[in-house]
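A.B. asks: Structure incoming, see below.
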Amino acid sequence: MSCLASCCAASTCGLCSTVASGISRKSARLAYCGLFGLSLIVSWILREVGAPLLEKLPWIKSSNQTKTWYQEQAVLRVSLGNFLFFAILALIMIGVKDQNDRRDSWHHGGWIAKMVIWILLVILMFFLPNVVITVYEILSKFGAGMFLLVQVIILLDFTHSWNDAWVEKDEQKWYIALLAVSIGCYLLAFAFSGILFIWFNPSGHDCGLNVFFIVMTMVLAFSFGIIALHPAVNGSLLPASVISVYCAYVCYTGLSSEPRDYVCNGLHNKASAVSLSTLILGMLTTVLSVIYSALRAGSSTTFLSPPSSPKAGTKKPLLEGDDVEEGKETKEKEARPVSYSYSFFHLIFALASMYSAMLLSGWTSSSDSSDLVDVGWTSVWVRICTEWVTAALYVWTLVAPLIIPDREFF
């Protein structure tokens, strides 16, 4: 394992100087996304080839353990290193309110040092005893759940922002576009739900649980439209339709995670292909949500902004001098507020690290094959609960202004 880790470190370090030199202040957010993406690739590679090497390490080797267990160990250890990297940055960045803070330069610069520290953290995780990884495994399930919640909030924010952007144009063609996209999404959601009936409710079997999941998804989609178009709510059909498509997709990922020997899983004959497609879609969704959160946080002065940070428009100097020269110096030192919370920014990546570990390890539940990922009843219920939480949060954004009229929601 140390040999493989050293090879990975050597090849990665060879790129450090080249990559770091091209990272500017504006591209720093994307650089963090790239580093997170690199951790996913490393986890995937070690999951496939690292098990035989882990078995040779005496402090990791355990009797009566399967190949799947060693694969999970590889994924969890890379995830722990990645989590610690972003968690440490999140702690360091607590309280950063303006760009004069020295930590602002730490957030945007020092990329060669950051890459070296990240590599060392990942390598060091393979020297930790198994008990530490077991504790992290338990904590990761809660952290992954928190990330799914953040992912849902990001989706809700995106749909409402999309709708508001087109409505603000106040032109007939944009209203027609809103209606067309909304109808298209609803048709897609219901058509996909119909396909789920064919895949996960095979004839000759009692698949009441699957039928319940699918029917509930269709009922939720229908309810979204009814509530959104109610005169008292004054909502829009676009967010309702997009959330409906997302719920149908999450329902599919949940049903496709059912054990391959479950008779109601109609895709069991294509287990490997479905498992791989589900993994790719899940990883892609994770990366896109992290990237969107990074860009969204960096482009707004209100989203994720520190509550006590000074506003960008303030012109009052922080220091006052008695002469012109001192006044100029004061103006140069005037604090420019940060546009988002650096600490929360890194916290998102830390939680995403936990979620990616659960995704690659099937939420560390036993499966019928080490070649399958994200398979088992734990994965099923995590997905279905995510769908229901998404529905609850969306309905809350619609009815909350009626219940609490003094608060602003999206």
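Each residue, glycine too, has its Cβ placed from N, Cα and C.
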A.B. asks: With TrEMBL as the source, identify the stretch among 2-22, 275-295 annotated transmembrane segment.
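C.D. replies: Here TrEMBL associates transmembrane segment with the stretch 275-295.
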A.B. asks: Check the transmembrane segment (340-360) against each of 74-94, 142-162, 211-229 and return whichever range has the most CB pairs under 8 Å.
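C.D. replies: Ranking 74-94, 142-162, 211-229 by Cβ pairs under 8 Å to the transmembrane segment (340-360) puts 74-94 first.
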A.B. asks: Any chance you could find the range in 115-136, 211-229, 380-404 with the most Cβ pairs under 8 Å to the transmembrane segment (174-199)?
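C.D. replies: Ranking 115-136, 211-229, 380-404 by Cβ pairs under 8 Å to the transmembrane segment (174-199) puts 211-229 first.
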A.B. asks: So, taking each listed stretch (74-94, 115-136, 211-229) in turn and counting its Cβ pairs to the transmembrane segment (380-404) that are under 8 angstroms, which one gives the highest count?
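C.D. replies: Ranking 74-94, 115-136, 211-229 by Cβ pairs under 8 Å to the transmembrane segment (380-404) puts 211-229 first.
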